[in-house]
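Data first, discussion second: the structure below is written as structure tokens.
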Amino acid sequence: MKSIIIASLVALAIAASPALDRTFSPKSEYVYKFDGLLLSGLPTTFSDASQTLISCRTRLQAVDDRYIHLQLIDIQYSASHIPQSEQWPKIESLEQRELSDELKELLELPFRAQIRNGLVSEIQFSSEDAEWSKNAKRSILNLFSLRKSAPVDEMSQDQKDMESDKDSLFFNVHEKTMEGDCEVAYTIVQEGGKTIYTKSVNFDKCITRPETAYGLRFGSECKECEKEGQFVQPQTVYTYTFKNEKLQESEVNSIYTLNVNGQEVVKSETRAKVTFVEESKINREIKKVSGPKEEIVYSMENEKLIEQFYKQGDKAEVNPFKAIEIEQKVEQLEEIFRQIQEHEQNTPETVHLIARAVRMFRMCTIEELKKVHTTIYTKAEKKVQLVIETTLAVAGTKNTIQHLIHHFEKKSITPLRAAELLKSVQETLYPSEHIADLLIQLAQSPLSEKYEPLRQSAWLAAGSVVRGFASKTQDLPLIRPASRQTKEKYVRVFMQHFRNADSTYEKVLALKTLGNAGIDLSVYELVQLIQDPRQPLSIRTEAVDALRLLKDVMPRKIQKVLLPVYKNRQNKPELRMAALWRMMHTIPEEPVLAHIVSQMENESNQHVAAFTYNVLRQFSKSTNPCYQQLAVRCSKVLLFTRYQPQEQMLSTYSQLPLFNSEWLSGVQFDFATIFEKNAFLPKEVQASFETVFGGNWNKYFAQVGFSQQNFEQVILKTLEKLSLYGKQSDELRSRRVQSGIQMLQEIVKKMNIRPRVQQTDSQNAHAVFYLRYKEMDYIVLPIDMETIDNVVEKYVRNGEFDIKSLLTFLTNDSKFELHRALFFYEAERRIPTTIGMPLTISGKMPTILSINGKVSIELEKLGARLVLDIVPTVATTHVTEMRFWYPVIEQGVKSLQSARLHTPLRFESTVELKKNTLEITHKFVVPENKKTTVSVHTRPVAFIRVPKNQDSEYVEAEEKTISHSQYQMSTEEIDRQYETFGLRINAQGNVLSQWTLPMVLMTEQDFEFTLENKNRPVEFTARVTIGNLEKTDLSEIKFDKIFEKEFDLENNESENRRQYFHKMIREIQSEQGFKNLITLKLEAPQQMYWNTELRTVCDKWIRMCKVEMDARRSPIEHENKEWTLRTELLAARPQMPSSLRQLREQPHREVQLALNAKWGSSKKSEITFNAQLEQSTEQKKFLRNIEREYKGIPEYELLIKAARLNQVNVVSEYKLTPESEYTFSRIFDLIKAYNFWTVSEKRVQNEDRRVVLQLSVEPLSRQYMNMTIQTPEQEVELKNVRIPRVVLPTIARRAMFQQTWEKTGATCKVDQSEVSTFDNVIYRAPLTTCYSLVAKDCSEQPRFAVLAKKINKNSEELLVKVVRREEEIVVKKSDDKFLVKVDGKKVNPTELEQYNIEILGDNLIVIRLPHGEVRFDGYTVKTNMPSVASQNQLCGLCGNNDGERDNEFMTADNYETEDVEEFHRSYLLKNEECEVEKDRISEKKNYKNKWNREEKKSDYESSSDYESNYDEKETEKELVKKTLIKEFSNRVCFSIEPVSECRRGLESEKTSNKKIRFTCMPRHSKNARRFLKEAREQTVADLVDFPVSFVESVKIPTACVAY
């Protein structure tokens, strides 16, 4: 047994011996030839590429089993542009380049390495060696680093079995290579006497990888895109060949491709190999080096020094650009700006120079920047000065920003210009603590205190910079991330700014700064603000928005914070909606969404519920690849909800996603509005634009928003101030107002009404416009009372507008010159390569914009003239680049897309009021001897730049345009010239016939469009004249042939209808008419014109109109005569009934239209339309079936529906040219094809040149349409075509007002025993002979009150009193007539209009309020108010109209109660004029909250409530009225009248038969779903307006019994 153990230990020791795994024999010298190749070009073998070949001989001395010494000798390199090949290029095919002695000495310095188990574990370099030289030597050692066998403890059993078979082996192991510590896959293959080792690197499984990334912090995390869309894809494969246990050759091939939309567009490739030359004994030892021990992984020390210099400026320990002398930097910059000045117009070359200047400025110290300022800036012209300022801001290093701030403080740069430059600083590529401190100091400086735009920009920029180093982003800097102490420091600074703020705007600015920073530790401060009810609502909402950048960092934390905020009904609706909006962008899981849906279904605030539904629905339909999981989850939870939002809800959210799933690219437009019930303006409006490009998600690429709190107060107070200027009060009106106010105050005193005081005054009212760009708040524009007061005081003096000051401001001629250089984006990623050079992949879009011009305004007595003369010039280049860098060479490939625009413009606009007309003229002028140029150029370029021996001297790169030969063959030449309007237009270039984005990036294209005017100025004029209304005679309007046989009615009523119609026309023609003339003239050079005249003649009430339009234009193309158009339209509407009786008795209820049009040049086309807008047969049947006699409010509401016109009949006769007939035929075919599944047609023989159309809309749902078209040859029928819900016209009087109230208003109904409040809460409460307060403005300055009472105890009739600030109005109905008293005096019906009172029909009177109206029919009081009214300051039986159902019962002293009786009593006006009906108001059965479901349930189940001493009453209580439902497969039918049923727990004892009318509707319709849900809880009250579908006999109980 002992012998076995000893043998095992010996075997293990032998296996672990490095001698068996070593590559080199001790005390031996090996010589290897090293060859390295850099290749930059397109991913094809058919194009040229820039190639650099580096070669040397490597002396390698194996000192012992572990250490080797190395030295490079015979170093040389060559570089040229030659065709790509899979073979190594020959040295002769490349141009020999000279290597300086200094660089050669560095490369020849020796180095030492330790090898363990075949891998290079440690490296030592000479202390004199440079970092780039060390990395070059690492690339050679990298070729000698090889693991010949898998670690025994990491081998699987299969691998151990394979180990026994020496022919092949495969294993995975983590290993350090030049490119990082990553997983490596090994394959070992025996081929004869050779052993081939192959290893490949899996970059998806790296522990560490030396790489940097800048400029990516503005993107959001898109997990769905990360799976498929890798922008840069590296591949590295090593091959080692051994023969007789000696390394014969080692080769590595790395390919780095740039992918766009899943296709490779450019590539960089590195190849390196060492080849065995000879082996010998050591004759001349390589000097041993004793530098610090380092790893084989690529060293980023040089990149780290550069980053430190950019971020820390002169405080950095090492200046990596010290080798370049200050004079040489100044000379290069001087030459750059000299060339920019020489370019009168901006060109792509100008853009290239700006990019060079930015790169050079980043290398400068403070002293060097001062030198540039004194040498170049102070002596330059204005254009160069502006460009220098912007390039310094774009450079964004600590030194350039410090230099700019220095000149801000000296005011050599104006504060407004400084604020503009700080916008570029926000996007700096190298954010740091030093830069943030500079910006905070600037924001707190005395200069910023004086200039608010500068202070705002400094704070916002500070927040954006802090995010760059203190928050988790996609950037990968080398300097360690910010510590917790650093994060806490900036949170304290920003929160101190918040706490020191006095105004709401300053607090909002502080929170936007904190939001820009996106620090995770800020969440604790923000949560406190969100949850603190003492904070103003605007602050809490802004704190929610400040969480936006933490959605990827801590999504669950945000959900945990915001979900309770959303669900808490005590919070304001806009805060809850903002919380939901922010929470949805954290991509919540399904359980969170289930909470949201549950809250939506039980939500009492309809704005919150509707907004929630819209958000979920829009996300469920999103095609944005970053929202795919969320879309699935939202779709799933919406399947189980029955909630349907009301149509009139204004709070909403919508998306327009435009994405290509294959390319992982696209854009999305979002729009959201948040309204509150008691605000006229939206609380929040957002319109945003986000992009996904190749999987890179820019969530807030651009967003414009508006938010406000109580800003209506500011507007109203401002208007009130303006209305007082120059006005004298009317004494009589003043007395009337005082009288009305006194009556309102008496009501308040008698009822002990506590005023609903506004919680926030106008000082806290404010509004904010903001612009968000790349997730950063960019601009914040506050508007508050102080701002508006300053403007009003500036232009209003002594109660009158200061016209002179305004005119002086407007008429000043203003010359301006704007030059702005900017980078729309700049991103950079640097990764190591296996040849020791860093590969930089970058994208940027430098742009220069210049605008020179003049604007002037000339004011005349009755007119004004605006002249704008500008010359905008824009040049931009999009650069995508892959670049290798060595001190000896710079090589790479880039794809360039350049665009240029230069267009001189002159625009003149004149407005002039002449004797009887208003004339508006717009003139667009193309100046003479000026050229407009639009050019686009794309090309891929390979480049090589070899510095001269003097490192500092700039050498232009050797460039060669390359292209994909296959794609290039798809291009076509364009060379076209046009002559139009006296302008010469040239379009020439070389463009792809069919293209995709990858094709554009890989081909050379150019296109130029020029517009040149060498003659006199070319003017394009548009002139509009609008004439005054003039009196005229209506007898010229003739309705001769307006009726067609298809318009005849049933039951032989046509003749009677026609006589009635012509009589009505004659009566209208006897009245005074009015006419108007509008002309439009468009004029262009070369006698091109379009002239139009529009003449209208109508009566005073627009019952009958004649519209004529004549148009003429100059002939075009093949026309030889002037083209003309003449049309005449006649229209007549029927009388507007105000009652159902009038509607039934009115013979003519249709709208008649007649149109004649004639157009053409030599040949004329003519078409005649006669149309009739009428009621369909079903709609007329609905009117006839209304058996019950309705009066008052129910009658009028039914009249609106019964008077709808849902069908149009059109008869057309035509004489068309062949061309016009073909056009109409094609349109007709398109309609049939689009509705293929619902169309049927048959061949017929009808009258020639005559078409009949009938179109009817289903009047109930208004979402289905039938259409029949009869042509001379066919009859086409479309049935049940689904359309968006339409609003049908109705001829009922005041129908438009009624429909407006239904859509946008809130309504309250009160009768003698029941109230339906503004917020749709229905409860039972009795009216007595004492006045009850129905609705009142309960603010501190009340404007109206509505009261109602019973006329006497035994009557159902009511008496209504309306108190306005001007008068008191009392209305009652006596002998079917309304008796109206104003301030105690009876008013005749003819005088009602002057008191804003109107009688509709015989049974309805309307009293207008300051904001709203009261409708009264003698039995019911209906009060209509805007849905946003009185700022939650209404009170009375109708509730507070705040959108919440839970707080409806607020008593007169502003106390919330659940006792309906207590609530009712508080609004009872007791005085000596009435006797209180104590029995009636004390009886419990008269009170009931029908909306409260739990209360209803208890009512049904409690038997004690139904006990009575009278059998009749007991039977009545045993029975309940419910809507009977009959369900069928595709429809649901409801009983129109409620049917008696036994209460729960009781069974019927006696029954009787009764005929019940039913109305049916489609099962999927919205009404069906709503009524089904409502019928389970209560009687459906809205069914009386629906048509009768069938009548059926039903057994109903008459007595119930409990068993």
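Counting begins at 1 with the first residue displayed.
Including glycine, each Cβ sits where the backbone N, Cα and C put it.
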N-linked glycosylation site according to Swiss-Prot, picked from Asn812, Asn1266 | Asn1266
Disulphide bridge to Cys1330 as given by Swiss-Prot, partner from Cys1435, Cys1438, Cys1474 = Cys1474
Swiss-Prot annotation, disulfide partner among Cys1308, Cys1338, Cys1542, Cys1560 for Cys1438 | Cys1308
Fewest neighbouring Cβ atoms within 10 Å: which of the disulfide-bonded residues Cys1330, Cys1438, Cys1474?
-> Cys1474
Can you tell me how far the Cα of Asn1266 (N-linked glycosylation site) sits from the Cα of Cys1438 (disulfide bond), in Å?
-> 42
Could you state the whole-number distance in Å separating the C-alpha atoms of Cys1330 (disulfide bond) and Cys1438 (disulfide bond)?
-> 17
DSSP, reduced to three states, assigns Asn1266 (N-linked glycosylation site) to strand
Note: in the chain of Cys1308 (disulfide bond), residues six or more apart in sequence with C-beta under 8 angstroms of its C-beta are Val1315, Ser1316, Thr1317, Phe1318, Val1334, Ala1335, Lys1422, Thr1423, Met1425, Leu1437, Cys1438, Gly1439
For the domain 'VWFD' (1306-1475), mean pLDDT (0 to 100) = 85
